[in-house]
Structure formats: structure tokens, C-alpha cells
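A short write-up of the structure that comes next.
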Amino acid sequence: MGSGAKPSAAVPRHIGIIMDGNGRWATRRKLRRTLGHTRGIEAAKRIVREAIAQKIEYLSLYAFSTENWRRTEEEVSFILALVAKNLRSQYSFYRENNVCVRHSGNLEGLPCQVRDEIHRVTEETRANTAITVNLAVNYGGRDEIVRAANRALQSRQASCDTPPTQDDLLLTEETIQSHLDLPDLPDPDLIIRTGGHRRLSNFLIWESAYAELYFSNRFWPEWTGKDLRKAIHDFGSRKRNFGGTG
Ligand code: IPE
Ligand code: IPE
Ligand code: MG
């Protein structure tokens, strides 16, 4: 480093985004909430492009939560159909931008059309290397932890020839971690929530134990590359301790 040069600020390896505010963006314009979701897809594409430009390795996008089933049937089916349609129609976007798509969440609860598209696109984009985009669809942090714990217990029992002792059956952080939906992903360094609310709404509960949090009042359909750059810049000024001394 030349004299006078500042050390470059830390860049998050993994960013998670709670893409909130689609409905309010639309209703404030006297439009249907569903149009807000459609515009939200455009925002997601802008942000994936910017994340690649900023050399972010992993981007987790919260698209539909395990609690979002509480919405009207019309809105739920609209969102799920939009997800399925875009997984299919955005294939050239993934190819041109070299995006590897992964999924986290409970596949079993999803309509088979959505499940099929998720399987297809994750398979077809597997070898892409510019960024890994984790789409959280029918995702809930608590649901993920419970499924991980159950898978950990089942694999323990299956691997025991002799009856397991009490100690064999004890779970550790490592066994739960290794049975999460995407155990190979590093924990998110930065969680962004758009749309003005300051809560996690069951997003990456286990993984965000030490994430930095960033809240923006702008609704998701309004988000541009500039907003992401601002969040990354803010992250660069934070001092992380991970429980150690500062
Ligand atoms: C986030 O936007 C998208 C989903 C939850 C699918 P909302 O639909 O929650 O928008 P607001 O919060 O009602 O404005
Ligand atoms: C979180 O937003 C879920 C997604 C962005 C997919 P919500 O709008 O569902 O969160 P709450 O209900 O306001 O906490
Ligand atoms: Mg919301």
C-alpha cells in the first residue's frame, strides 16, 4: 500500500435483504398491491447486478415467508405465481450475469409448480460463478432450525449400529449448522431491511447471530444500485467484535 493510502473498507461477503414495502409502495400510488410485487422483481434484478459489480459473493433475498400465508388467498397465489414465472423467464438474466441460484425454505409447503421451477433453475445455474443468489421462498428462520434439528437427529439415529447413548443424541451447534438448508453458505455479514420497519420477521434467525443490521425507509420497488452502495459503505464503517474486546 502506498503512503497515505487508506486500508480499503471491509466489504460484506454475504448480504441478506428483507425486501419489504412492495404493498405500501403501490397503495400510496393508488395502485394494487400486486403491482408493487411485480415492481419488486425489477428492483431485485437491479440489486443483483449491483451486488455483482460490488463483488458480493452471496446475496440472500427474502421473497416469501412462512408467515406470509396469512395474507389473502389472492395475494399469496399472485406472489407464488410471480416467483414461478420469474424463475422460468429470468433464465437468460441468470446466464448473462453468471448467477448461481440457490433456494432456502420449506419446499414441502410450496405448490409443485413453484417447486419444479426451483429445482430446474438451481440445477441449470449450478456452475455459474459471479454470485450466489439464495432465494428464500416459504422461508422461516424458526422453521429452518426445527427442520435442521430433526434432520440432525434422524441422521444420528440412522448412523448408529448399536443403540445410541444419551450423549450420542445430544445436539451441538455444529450438528445443527451442518443440517441447515444451505450449510455451505457463510453467515450473512449484513442484513438490510427496506420499507421502514426495524425487525427481522423470522429471516435467517440462526445465521444472523452476528450480522450487522441496516434499515432503510425506502420501499423495495424504489431501491437502486445507489442504495445498495450506501448500505455497503455504511457496513465498511462498522467495527465488529464478535464478543471479543473492541
Ligand atoms: C414485501 O412487501 C414482499 C413480501 C412480503 C412478499 P410487502 O408486501 O410486505 O409490502 P408492505 O410491507 O405491505 O408494504
Ligand atoms: C418480511 O416482510 C417477509 C418478506 C419480505 C418476504 P413482511 O411484510 O411479511 O413482515 P412483517 O409482517 O411486516 O413483519
Ligand atoms: Mg411488509
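From the backbone N, Cα and C atoms, a Cβ is placed for every residue, glycine too.
TrEMBL has this to say about the protein:
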- D20: active site (ACT_SITE)
- N68: active site, proton acceptor (ACT_SITE)
- D20, E212: Mg(2+) binding site (BINDING)
- 21-25, R33, H37, 65-67, W69, R71, R193, 199-201: substrate binding site (BINDING)
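The residue listed as 'active site, proton acceptor' sits 14 Å from G21 (substrate binding site), counting Cα to Cα. Ligand 3 lies under 6 Å from the Cβ of none of the binding-site residues W25, H37, W69, R193.
Under the DSSP three-state reduction, L200 (substrate binding site) is assigned to coil, being neither helix nor strand. DSSP classifies T66 (substrate binding site) as coil under the three-state reduction.
Restricting the binding-site residues T66, W69, R193, L200, E212 to those with a CA within 10 Å of the CA of the residue listed as 'active site' leaves R193, listed by sequence position. In this structure, the CA atom of E212 (Mg(2+) binding site) is 11 Å away from the CA atom of R193 (substrate binding site).
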